[in-house]
Amino acid sequence: MEPKTIKKIGVLTSGGDSPGMNAAIRAVVRAGFYYDIEMYGIYRGYEGMISNDIKKLESKHITHVLERGGTFLKSARSAEFRTPEGRQKAYNNLKSHGIDALVVIGGDGSLTGAHLFYKEFGIPAIGLPGTIDNDLSGTDSTIGFDTACNTAIEAIDKIRDTATSHDRLFFVEVMGRDAGFIAINAGIGSAAAAILIPEKKMPIEHLVDKLRIRTKAKKASNIVIVAEGGKSGGATEIAALVSKHLPYYDIKVTILGHLQRGGSPSSYDRLLASKLGVSAIEGLLQGKYDVMAGLINNKVVYTPIKKAIVDDKSVDEDDFRVAKILST
Ligand code: F6P
């Protein structure tokens, strides 16, 4: 597509926050300044676009943010933006500031918003994958996923200490909504006895058998990782089912929850966010609209948003094989 002239770009973060969002905003804004573009921060995601919470950004706004978790632009899930009236209000506000392009950092819902907005109003928009869930196609990893896995592993290591001391069986629930990426990574990385994810059903009898075998083998500790949104329920439900079969076990449940969304981004997430932030601005200037910038085999790739948000990225089968071998 022939690039439009772009002088003012708005940036926003939307949906569940993820570590590295600040690093991504900083990279987007710095790259914008490098190419002589006026940069605008849209606060609280699409909510701020509708309520006109939009401010011109200066260098001082992005100083010392790279290393901070969360997002200084704040985030929200906007029900109003899902309506044509909400999007019209948002468009009018963007026009009043003269903003002629957008960078949207978020997960599938946020990128869907950018796609709709481009389709309806022709505003050049580019998405960056910002979610701990890693459930977007068109990128090997989403911004925040690596840090969330590290956070989960650090927490599980601590749980293992107490689990071993008391010979307890722990069920640890990790985030990931409909995706098992955090569970499989954190599970392999923390020597889990078993990993339960939404994409693959494990009959409760299999899990019970596995735990019985491990008990006979006198394994030092047993930690089962359960992804939220799993087919048989979360960690609490699974623990209740298992306890009926293994009444002699002292069973505990830990839900890691939003702990996984916070914290300073890892080195990988900082690099990913920085590369993609620069690529977002360069992509817009080259006329790449309605796409998501991602990193595949360490190369920046622009994927149509419509393709990036379809749920076809699945946990690697080989990861299951590795997890199985290592948990016997
Ligand atoms: O999409 C990121 C995520 O952290 C999911 O893993 C989780 O299911 C969801 O957001 C929680 O959302 P909220 O913070 O709105 O409860």
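Quick reminder: no glycine exception, Cβ is built from N, Cα and C everywhere.
Taken straight from TrEMBL:
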DOMAIN    8-283  domain 'Phosphofructokinase'
BINDING   Gly16, Arg77, Ser78, Gly107, Asp108, Gly109, Ser110  ATP binding site
BINDING   Asp108  Mg(2+) binding site
BINDING   Thr131, Ile132, Asp133, Arg168, Met175, Gly176, Arg177, Glu228, Lys252, His258, Leu259, Gln260, Arg261  substrate binding site
ACT_SITE  Asp133  active site, proton acceptor
Cα-to-Cα gap, Met175 (substrate binding site) vs Ser78 (ATP binding site), nearest whole Å: 21
Residues close to ATP site centre defined by Gly16, Arg77, Ser78, Gly107, Asp108, Gly109, Ser110, Cβ within 8 Å: Ser14, Gly15, Gly45, Gly106, Thr112, Gly113, Thr131
Binding-site residues (Arg177, Lys252, Arg261), the one with most neighbouring Cβ atoms at 10 Å: Arg261
Top Cα neighbour of Arg77 (ATP binding site) in the set of binding-site residues Thr131, Arg177, Lys252, Leu259, Arg261: Thr131
Rounded Cα separation (Å) that holds between Thr131 (substrate binding site) and Gly109 (ATP binding site): 11
Annotated binding-site residues Ser110, Thr131, Met175, Lys252, filtered by Cβ under 6 Å to ligand 1: Thr131, Met175
Assigned element (helix, strand, coil) containing Gly109 (ATP binding site), judged by DSSP: helix
Site of maximum Cβ density within 10 Å, from binding-site residues Ser78, Thr131: Thr131
Whole-number Å value of the largest CA-CA distance among Thr131, Ile132, Asp133, Arg168, Met175, Gly176, Arg177, Glu228, Lys252, His258, Leu259, Gln260, Arg261, listed as substrate-binding: 33
Cα separation, Asp133 (substrate binding site) to Gly109 (ATP binding site) (Å, whole number): 12
Three-state secondary structure, Arg261 (substrate binding site) (per DSSP): helix
Intrachain C-beta neighbours of Gly107 (ATP binding site), sequence separation six or more, cut-off 8 angstroms: Gly15, Gly16, Pro129, Gly130, Thr131, Asp133, Asp135, Leu136, Thr142
Spatially closest candidate among Ser78, Asp108, Ser110, the listed binding-site residues, to Arg177 (substrate binding site) (Cα to Cα): Asp108
Local Cβ density at Gly16 (ATP binding site) - other Cβ atoms counted within 10 Å: 21
